[in-house]
Amino acid sequence: MELSYYEILEVEKHSNQETIKKSYRKLALKYHPDRNAGDKEAEEKFKLINEAYGVLGDEKKRALYDRYGKKGLNQAGTSQSDFSDFFEDLGSFFEDAFGFGARGSKRQKSSIAPDYLQMIELSFKEAVFGCKKTIKAQYQSVCESCDGTGAKDKALENCKQCNGQGQVFMRQGFMSFAQTCGACQGKGKIIKTPCQACKGKTYILKDEEIDAIIPEGIDDQNRMVLKNKGNEYEKGKRGDLYLEARVKEDEHFKREGCDLFIKAPVFFTTIALGHTIKVPSLRGDELELKIPRNAKDRQAFAFRNEGVKHPESSYRGSLIVELQVIYPKSLNKEQQGLLEKLHASFGYEGEPHKSVLETCVSKIKDWFK
């Protein structure tokens, strides 16, 4: 029988993110291929652990998995392969604590990080329908004056702290642990005299304008990647630019994933009699909502496939209309009289509280006899 992602990570279904991440790190460390050379079983276990954390470590993917299982993830077009940020963090965790690196982690000769993150503001309309947007970006480029060394005349010295190794070693009992040298940040070299052009930073800042294609259905805090638009970490080589969406709220529609919510205020007589009202759809059409008699306040009605498209699949959510019953703030004499006649016409049915409350009062009186 196939194990669930929770069983693979050895956590309960109600576990929080901190517990899940802690268990993941523990298991990833235990089954890491660098610690289990030639062990195919450990390698497969390591892959399963990464797959499980890729889903449970992301709240949106976790919610899909909890509701629909793996099948739901596949149908929603959820990718389980892009966890580069976490693996880079995990790689440094392995390297600093145990003296070996995670496979696939980026080993950088340059002090310039290849990738960088930039926020992009989108209107509700731009996010829902997608758009082409020109963004102003500023990236780090290798300083030509010092060839990215950060030193005047490219003159670097061996770090005295680590003797040019980039690592220092610590002993605990019978074990020796390697740590990145703090004096040179693992480079093994230090700057004697800073470059005047970049002030020893190894890079200068350059501005550019980029035409970005925003996919239909992108949501707040979603990220998209622009390949080769990141920092120039080596001469002629650039990393990736990650854009994180900041989507403004709409006055009428509220969004949760691919579902849209809208409140429809209806008068109390409409609820009593039943009625058909027009509801605006996302694409400008009018949808007919048949309100049944005696519908309840906050009762919701769903229009399937009238929501937002998933940015990575053909799936489209629902438009959910929530009724908001409105009562008159005041009545004139004629309205008061009409309501009183209507109320009286129901007879005993118009006073349902009596059967409940009078029985309760009678019971309480019996208690004190």
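Any Cβ shown, glycine's included, is placed from N, Cα and C.
Some features that Swiss-Prot has for this protein:
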type	residues	note
DOMAIN	4-69	domain 'J'
ZN_FING	130-207	zinc finger
REPEAT	143-150	repeat 'CXXCXGXG motif'
BINDING	Cys143, Cys146, Cys195, Cys198	Zn(2+) 1 binding site
REPEAT	159-166	repeat 'CXXCXGXG motif'
BINDING	Cys159, Cys162, Cys181, Cys184	Zn(2+) 2 binding site
REPEAT	181-188	repeat 'CXXCXGXG motif'
REPEAT	195-202	repeat 'CXXCXGXG motif'
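Counting Cβ pairs under 8 Å to the repeat 'CXXCXGXG motif' (159-166), the top-ranked stretch among 143-150, 181-188, 195-202 is 181-188. Neighbours of Cys159 (Zn(2+) 2 binding site), defined as other CB atoms within 10 A of its CB across all chains, total 21.
On a Cα basis, Cys146 (Zn(2+) 1 binding site) lies 24 Å away from Cys162 (Zn(2+) 2 binding site). Counting residue by residue with DSSP, the zinc finger (130-207) contains 3 helix, 37 strand, 38 coil. Per Cα geometry, Cys184 is the residue among the binding-site residues Cys159, Cys181, Cys184 nearest to Cys143 (Zn(2+) 1 binding site). Looking at Cys159 (Zn(2+) 2 binding site) and Cys195 (Zn(2+) 1 binding site), their Cα atoms lie 18 Å from each other. The separation of Cys184 (Zn(2+) 2 binding site) from Cys198 (Zn(2+) 1 binding site), Cα to Cα, is 18 Å.
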